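Asker: My questions will all concern the structure given below.
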Amino acid sequence: MIIKPRVRGFMCVTTHPVGCEANVGQQIDYVKAQGPIPNGPKRVLVIGASTGYGLASRISAAFGAGASTLGIFFEKEGTEKKPGTAGWYNSAAFHKFAEAEGIYAKSINGDAFSDAIKEKTIAEIKADLGQVDLVVYSLASPRRQHPKTGEVFNSTLKPIGKDVTQRGVNTDKETIENFTLVAANEDEINNTVAVMGGEDWQMWIDALDEAGVLADGAKTTAYTYLGDKLTWDIYWHGTIGAAKKDLDKRVINIREKLARTGGDARVSVLKAVVTQASSAIPVMPLYLALLFKAMKADGSHEGCIEQVYGLFKNSLYGDAPIKDEEGRLRADGLEMRPEIQAAVAQMWDDVTTENLLATTDFAGYKREFLRLFGFEIDGVDYDADVDPVVEINNMA
Ligand SMILES: NC(=O)c1ccc[n+]([C@@H]2O[C@H](COP(=O)([O-])OP(=O)(O)OC[C@H]3O[C@@H](n4cnc5c(N)ncnc54)[C@H](O)[C@@H]3O)[C@@H](O)[C@H]2O)c1
């Protein structure tokens, strides 16, 4: 099959297995070039391990610290007629590269919110690893079925308390438009917290702890985004922000539990990057196009792998973790610099449909977006025939 990108809104419905493999290979090369993470983790569970920040976490642990990794994700494999999801191909590639270096990797494909997948994970840890010393929680999902009540919650990306009108880019038409988002009602807020808040993280840690598969000194982290004034209406002060504030609440309990055996739990703040999750958030494509412009101009541009490798080395396993007053680990310092935010704000006022490509790095945004699906990767022959059916070695 010859596979070309087919973009529909904030999704690309096709994916390229060879491009995804090259993408994973480049992230591994980055980590190897940076060198080992001293005192890094050795047995790591990554929940949401197939794309974005979770994949970068798995790569940093395995290739930065030589860790055995168990990855949980929810992906579709390809068939003769239809490519699989990017996360499927990324994981197949990760396994291949890890195996080639004798690094243990196993993966479980299924709904991480369910009790069944938690039980299966515990059984795999017991059988192969004994215990884990790091649990990375990196799920991003639009829905969650509650494991105890069976209720299905859908998340929304809306402001709270007021309607918000903000300029954004229509990514299909490549035009600048005003987007109005209507304030969420109480149910929408609660449902978003149920999906993206900390309850499931807590359930995971409770289940792992009860099963005795958390090593003494085990750590866990869940990822969050804070942003600055420009995105607050939609993000931090909106429904997704309410869910992220729930992580900040829940982490206290989780930390107390792990502290009993010398461990720790932290929410880690990462910068805005292009992922399948972030491209679905209104305003984010324009914010990212402007942020890339500002950060590339001063040489501080970073993607998932740079962020997570830095988080592991400096904060999760560093001697002097970068922490804020709330006790969160911070890797978003470069994005939050006042001069970067001011530059983004200025460009936001100036951008029009006509000057979109000159004022912003929308071209860079689009490239990053297509790369998520295995396209736009240098050295990949997109006219060549590829087999969409790719096995993941060592699936549980
Ligand atoms: N993208 C950003 O700009 C950004 C910035 C800061 C923090 N974060 C946070 O990082 C975390 C990861 O987000 P991302 O942007 O890397 O998203 P992503 O969409 O790239 O990754 C989501 C992962 O979750 C998995 N997943 C989704 N639903 C699942 C389910 N039911 N069961 C099992 N696995 C499931 C997917 O397979 C994938 O591995 C989120 O908490 C997000 O809020 C993202």
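Quick reminder: no glycine exception, Cβ is built from N, Cα and C everywhere.
TrEMBL lists 2-80 with the feature domain 'Trans-2-enoyl-CoA reductase-like NAD(P)H binding'. The NAD(+) binding site annotation in TrEMBL covers 48-53, 74-75, 111-112, 139-140, Lys244, 273-275. Here TrEMBL flags Glu75 as site 'Plays an important role in discriminating NADH against NADPH'. The domain 'Trans-2-enoyl-CoA reductase catalytic' feature in TrEMBL is assigned to 82-317. Annotation source TrEMBL lists substrate binding site at Tyr225. Residues annotated as active site, proton donor in TrEMBL: Tyr235. Per TrEMBL, the feature domain 'Enoyl reductase FAD binding' maps to 324-386.
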Asker: Quick one, of the recorded positions Phe74, Tyr225, Tyr235, which Cβ has the fewest other Cβ within 10 Å?
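Answerer: Output over recorded positions Phe74, Tyr225, Tyr235: least Cβ neighbours within 10 Å is Phe74.
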Asker: Pop the mean pLDDT for the domain 'Trans-2-enoyl-CoA reductase catalytic' (82-317) in here, whole number is fine.
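Answerer: Result for the domain 'Trans-2-enoyl-CoA reductase catalytic' (82-317): average pLDDT 96.
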Asker: Any idea what the Cα distance is from Glu75 (site 'Plays an important role in discriminating NADH against NADPH') over to Tyr235 (active site, proton donor), rounded to a whole Å?
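Answerer: Between the alpha carbons of Glu75 (site 'Plays an important role in discriminating NADH against NADPH') and Tyr235 (active site, proton donor) there are 26 Å.
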Asker: Whole-number answer please: how many Å between the C-alpha atoms of Val274 (NAD(+) binding site) and Tyr235 (active site, proton donor)?
Answerer: 15
Asker: For the recorded positions Tyr235, Lys244, Val274, which sit with their CB under 6 angstroms from an atom of ligand 1?
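Answerer: Result: none.
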Asker: What does DSSP give as the helix, strand and coil breakdown of the domain 'Trans-2-enoyl-CoA reductase-like NAD(P)H binding' (2-80)?
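Answerer: Across the domain 'Trans-2-enoyl-CoA reductase-like NAD(P)H binding' (2-80), the residues distribute as 32 helix, 15 strand, 32 coil.
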Asker: Work out the three-state DSSP category of Lys244 (NAD(+) binding site).
Answerer: helix
Asker: Can you count helix, strand and coil residues in the domain 'Enoyl reductase FAD binding' (324-386) using DSSP?
Answerer: 31 helix, 2 strand, 30 coil
Asker: So, three-state DSSP: helix, strand or coil for the residue listed as 'active site, proton donor'?
Answerer: coil
Asker: According to DSSP, folded down to helix, strand and coil, what is Leu139 (NAD(+) binding site)?
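Answerer: For Leu139 (NAD(+) binding site) - judged by DSSP and reduced to three states - the answer is coil.
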Asker: Suppose we draw a 10 Å sphere around the Cβ of Glu75 (site 'Plays an important role in discriminating NADH against NADPH'). How many other Cβ atoms does it contain, all chains included?
Answerer: 20
